[in-house]
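As recorded in Swiss-Prot:
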- T224, S225, E226, E278, T377: L-serine binding site (BINDING)
- R255, R256, E257, V271, E342, L343, T344, S345: ATP binding site (BINDING)
Amino acid sequence: MIDLQLLREDPDVVRRSQLSRGEDPALVDALLTADTARRAAISAADSLRAEQKATSKSLGAASAEDRPALLERAKDLAEQVKAAETTQAETAAAFAAAYMAISNVVLDGVPTGGKDDYAVLDIVGDPPPLSNPKDHLELGEALGLIDMQRGAKVSGSRFYFLTGRGALLQLGLLQLALRLAVENDFIPMIPPVLVRPEVMSGTGFLGAHAEEVYRVDDLYLVGTSEVPMAGYHSDEILDLSVGPLRYAGWSSCFRREAGSHGKDTRGIIRVHQFDKVEGFVYCAPTDAEVEHQRLLGWQREMLARIEVPYRVIDVAAGDLGSSAARKFDCEAWVPTQGSYCELTSTSNCTTFQARRLATRYRDASGKPQIVATLNGTLGTTRWLVAILENHQRPDGSVRVPPALVPFVGTELLESPR
């Protein structure tokens, strides 16, 4: 949720943010109206309760002559208080709905526009000089690494098996990511992948993208370990006196991909289940932008270790999720597509998620304040696409990046004999 003080003092900032996202600025006025109505209802109910309390007190000392009128007034006040409390509850519900409808306020400098209006910040490495490259699925099947056919037989479309050294390649990649995280003071974590609705909602994943989320009974399957790690410290006051608190969560992730019909249907680029190591940071809001750059730096270090060409983009406001105030993506070159494909994203969510989840820290004066939260991918299944396609050789084998050789057990992936 956004900062109500900012809304009340400078609503134009929020309106401009809504416009830059391509969202309705009228939602800001609806929230202001709901806020005014809620506060008025609270004040009215409080005044009536105070009068009711005073009247009840007067009854004890009232004379026989005054008592009937006071009793009548007490009865009338009881009805008024009941009605006022109903109004208070209704205005509170309307306010909560209006409040949840507003996305995070976009930071200054974020490109305006939609999906294709990103700004390219850096390009690293050159596409490999491949003639007639094979795609990752053709390579994966020929080398005994990926089995989509049996994945579909067992679970349906967009499911797969990673087999043999394909499994080792992913496990090695994620272990490498976790090792990098630990070297940089992240606390490793294997979180639950089923979460309560209030945690999923608190992270902003039950808004426009609710159709992407699987539900099992009264719990939700996470599409990223960002969700349980954001909920980990809900309703807590953190000690950030020694600096940001960093976690690295390794989990399976689940997505319906409801909005991607017909897109990336071949192979493992866009699937219903995958594995990921996600970095998550709690910090003071004043440290958030610096921490965002650190997360991006660690992502770039991981990409350097797997030796693939990539670019960094500053995602446009209209392509941001509701929780993100700014997001950087690292996109690797995919030879068979002749284009870049997202491998990582890192988002600065400022205080938006933490305000919903009531996560705070104590400032220098000891006063509780809302923390900032950030997240960033450190490794995921999709990275295998870039590794296989960029490191393929003319004979159909694939060179294993040296950083992954100790995990995979070979320098070259070749057809099984």
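Note that Cβ sites are derived from N, Cα and C of the backbone, with glycine treated the same way.
Note that the coordinates shown come from a computational prediction; the quantities given were computed from them, not determined experimentally.
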**Prompt:** Inside 8 A of the center formed by the CB atoms of T224, S225, E226, E278, T377, which other residues of the chain have their CB, for the recorded L-serine site?
**Reply:** V227, M229, G249, S251, C253, K276, V277, G279, F280, N375, G376
**Request:** With H, G and I counted as helix, E and B as strand and the rest as coil, say where DSSP puts E278 (L-serine binding site).
**Result:** strand
**Asked** What is the interatomic distance between the Cα atoms of S225 (L-serine binding site) and V271 (ATP binding site), given in whole Å?
**Response** 16
**Asked** If you measure from the C-alpha of L343 (ATP binding site), which of the binding-site residues T224, E278, T377 fall inside 10 Å?
**Response** T377
**Prompt:** Here are some binding-site residues: T224, T344. Which one has the most Cβ atoms within 10 Å of its Cβ?
**Reply:** T344
**Item:** Cα-proximity to T344 (ATP binding site), 10 Å cut-off, over binding-site residues T224, E226, T377
**Value:** T377
**Message:** Measuring Cα to Cα, how many Å separate T377 (L-serine binding site) from R256 (ATP binding site)?
**Reply:** 19
**Message:** Helix, strand or coil by DSSP: which one applies to E226 (L-serine binding site)?
**Reply:** helix
**Message:** Below 8 Å Cβ to Cβ and six or more residues apart, same chain only. Which residues does that give for R255 (ATP binding site)?
**Reply:** E212, V213, Y214, G223, V271, H272
**Item:** Neighbourhood of E278 (L-serine binding site), C-beta criterion under 8 angstroms, separation at least six
**Value:** T224, S225, E226, M229, A248, G249, S251, N375, G376, T377, L378
**Fill in**
Its Cβ having more other Cβ atoms within 10 Å than any other among the binding-site residues E226, E257, E342, the winner is E226
**Prompt:** Using a Cβ-Cβ cut-off under 8 angstroms and a sequence gap of six or more, which residues of the chain neighbour R256 (ATP binding site)?
**Reply:** E211, E212, V213, Y214, H272
